[in-house]
Amino acid sequence: MSFRDDNEEARNDLRRPFIHTGSWYRMGSRQSSMMGSSQVIRDSSISVLACVLIVALGPIQFGFTCGYSSPTQAAITKDLGLTVSEYSVFGSLSNVGAMVGAIASGQIAEYIGRKGSLMIAAIPNIIGWLCISFAKDTSFLYMGRLLEGFGVGIISYTVPVYIAEIAPQNMRGGLGSVNQLSVTIGIMLAYLLGLFVPWRILAVLGILPCTLLIPGLFFIPESPRWLAKMGMTDEFETSLQVLRGFETDITVEVNEIKRSVASSTKRNTVRFVDLKRRRYYFPLMVGIGLLVLQQLGGINGVLFYSSTIFESAGVTSSNAATFGVGAIQVVATAISTWLVDKAGRRLLLTISSVGMTISLVIVAAAFYLKEFVSPDSDMYSWLSILSVVGVVAMVVFFSLGMGPIPWLIMSEILPVNIKGLAGSIATLANWFFSWLITMTANLLLAWSSGGTFTLYGLVCAFTVVFVTLWVPETKGKTLEELQSLFR
């Protein structure tokens, strides 16, 4: 290659947005023929896994935000003189911010790319944690929580979509489940660190995931499908080549993606009346339905009440018990990550929903029977233990399917030309019902503990029906093949 050719290619690189192209993988593509690619670069699974591990810092931030308010409640209310209602507002503001972030997430990811979207999400997260760390009153505390929620709302849509768009079909399920696995790791870390460090230091530690994410984004390729949709053909093929390995023939996959993009751009403008067509309404219904049912199954209500259940069973340290539940979530989600490309999405969703239904029936029955048993009797103690078993089982079954898979399926089945709008709607619905369950849990539990868990159990039973009748199996299919299923 001549010096002039090198200069020309360098000038072309400078014209392109750095956040979209990165630098190392273009250099690797040019030099691989001269130097020979290393096994690490040549192996597509390693390349894709490295990208997934970097963007997984986003969901870790997501989980850390969710878990932060639990171990810090006593210290924050004491140091800042907050009432219980003021702290409840603090806890719920992340959901409010996430709803706003969810509304914007799809359009941001469509206009500036998946990587640019994650960059935007990281900045308010960092500012939010700093606001909380230096808060002297509720104003900075609330502002920080809102900013965190906004960033998390964008992350919750963008990360599963990015992973689905870069992963090969035989690894997409497992890699897609890393999203929820990272969320549970973030929650567990917040619980664990909250046992040992003050709340202000814990907020400073919350900055780390996004602080590492920002530079990491410059070392991974942009989603090839987004680049293809935007007409950036050279970058699209370079990105895909890096993800599949420099010595892999990507001709077939390139042609499939080009055909899919060409087909979708013919119908680039989608009106609400067009959503009546099966190719749009069916995947939209499935994506929104699963994300709504994920929340209506009551996981947030169960986790919210878990410390009280543990105390009634004689567990002395509710914070330690909460950390134990967080650790169980991580293990169960890791098992799901390993199984999802082997067993399939539908089977895991069905097992998860059936298991959650049975677990919630056990918890509800324990609470109903407690009303007829003396608190001093052995039977009352056994019923308390039974309720703990039911809660733990519910968390395990949720983590096996209904935790990770709705996000995975949403990212897989939404058509390219409505993914931004439809993904925003689905993410907004998930966050809205998360907020609704959190806000109503206390009221429902005050009305009837047994009745509350019965309602959650009925929703989980309906989820079994929903999965059986309407959720398609996406295992082993390319994203382009999935689009053709709905035509």
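Even glycines carry a Cβ here, placed using N, Cα and C.
As the structure is a computational prediction, the values presented were derived from the model and not from experiment.
Per Swiss-Prot, the feature N-acetylserine maps to Ser2. The feature transmembrane segment is assigned by Swiss-Prot to 46-66, 89-109, 115-135, 146-166, 178-198, 201-221, 284-304, 320-340, 347-367, 389-409, 425-445, 451-471, with sequence analysis given as support.
Counting C-beta pairs under 8 angstroms (sequence separation of 6 or more), the transmembrane segment (347-367) reaches the transmembrane segment (284-304) with 3 or more such pairs.
Three or more CB pairs closer than 8 A are found between the transmembrane segment (46-66) and the transmembrane segment (146-166), so contact between the two stretches is assigned (pairs 6 or more residues apart). Annotation: stretch 146-166 has the most Cβ pairs under 8 Å to the transmembrane segment (115-135), among 146-166, 178-198, 284-304, 389-409. For the transmembrane segment (201-221), the neighbouring stretch richest in Cβ pairs under 8 Å, chosen from 89-109, 146-166, 284-304, 320-340, 389-409, is 146-166. Across 89-109, 178-198, 320-340, 389-409, 451-471, the stretch most heavily in contact with the transmembrane segment (146-166), judged by Cβ pairs under 8 Å, is 89-109.
Between the transmembrane segment (320-340) and the listed ranges 178-198, 284-304, 389-409, the one holding the most Cβ pairs under 8 Å is 389-409.
With a cut-off of 8 Å between Cβ atoms, the residues of this chain six or more beyond the transmembrane segment (284-304) that come close are 275, 325, 349, 353, 356, 360, 363, 391, 394-395, 398, 402-403, 405-407, 409-410, 413-414, 418, 422-423, 425-427, 429-430, 433-434, 436-438, 440-442, 444-445, 452-453, 455-456, 459-460, 462-463, 466, 470-472. Same-chain residues lying 6+ beyond the ends of the transmembrane segment (389-409) with a Cβ under 8 Å from its Cβ atoms: 156, 160, 164, 172-173, 176-177, 179-181, 184, 286-287, 290-291, 293-294, 297, 299, 302-303, 306, 309, 325, 328-329, 332-333, 335-337, 339-340, 345, 348-356, 358-360, 362-363, 366, 430, 463, 471, 474.
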